[in-house]
Amino acid sequence: MEIIKSNIANLPSRFGKFQIKSYKEGCCKEHLTIFSPNLDVTKTVNVRIHSECLTGDAIGSLKCDCRDQLEASLKYINKHGGMVIYLRQEGRNIGLLNKVNAYALQDNGLDTIEANHQLGFKADERTYEIVDFILKDFGIKSINLLTNNPLKLASLTCVNIEKRIPIEIESNEFNKDYLKVKKEQMGHMLDEFTR
């Protein structure tokens, strides 16, 4: 599959001054890297892989912790250096329309995994080959991965993962069950639900 790369541009944001570079995968998926202007790829780089969540990232949905994780990651990268890789994989890669349908099923009592299965999808449809491509493109060989997701830890093949940096957000009344399912059924490393 052909991947087209953009130039690098500056991006001042409310979280700090960053640079950005975009990658177009095939005809449709455009991913974004947000990184420190002084990124040193000869050292271990702090990396967050964040999958798009329009309802959380843009609208502030309380049904997930996506926006809070993204904002915490950008603050961390601003302070410590590194990169956020923003993947266009809405709804764990089932797309926005199917995600809304999954939300409707959840409104009727199914959990996030049951809803995906009801729609004919796996619990998590995401893949991370593009992340390997991006890390290679930057020349990054060693990372600290900001994640709670064991699938992300297991999926990266082109780099050495020095350590996992947890990025936990306290649950609320709307996402507590969702996060508990991620912990109990998907193996997410969430300390709140181990106490």
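The backbone N, Cα and C atoms fix where each Cβ goes, glycine too.
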Swiss-Prot GTP site partner of Arg48, Ile49, His50, Ser51, Glu52, Glu90, Gly91, Arg92, Thr112, Thr147, Lys152, selected from Gln19, Gln69:
Gln69
Reduced to three states, what secondary structure does DSSP give His50 (GTP binding site)?
strand
On a C-alpha basis, identify the one among Cys64, Cys66, Arg126 that is nearest to Arg48 (GTP binding site); the candidates are the recorded positions.
Cys66
Need this for a regression test: recorded positions Glu90, Arg92, Asp124, Arg126, Thr147, filtered to those with Cα within 10 Å of Cys53 (Zn(2+) binding site). What's left?
Glu90, Arg92
Distant-in-sequence Cβ neighbours of Cys64 (Zn(2+) binding site), under 8 Å, six or more positions away:
Cys53, Thr55, Gly56, Asn175, Tyr178
Listed recorded positions are Cys66, Asp124, Arg126; which of them have CA atoms within 10 A of the CA of His50 (GTP binding site)?
Cys66
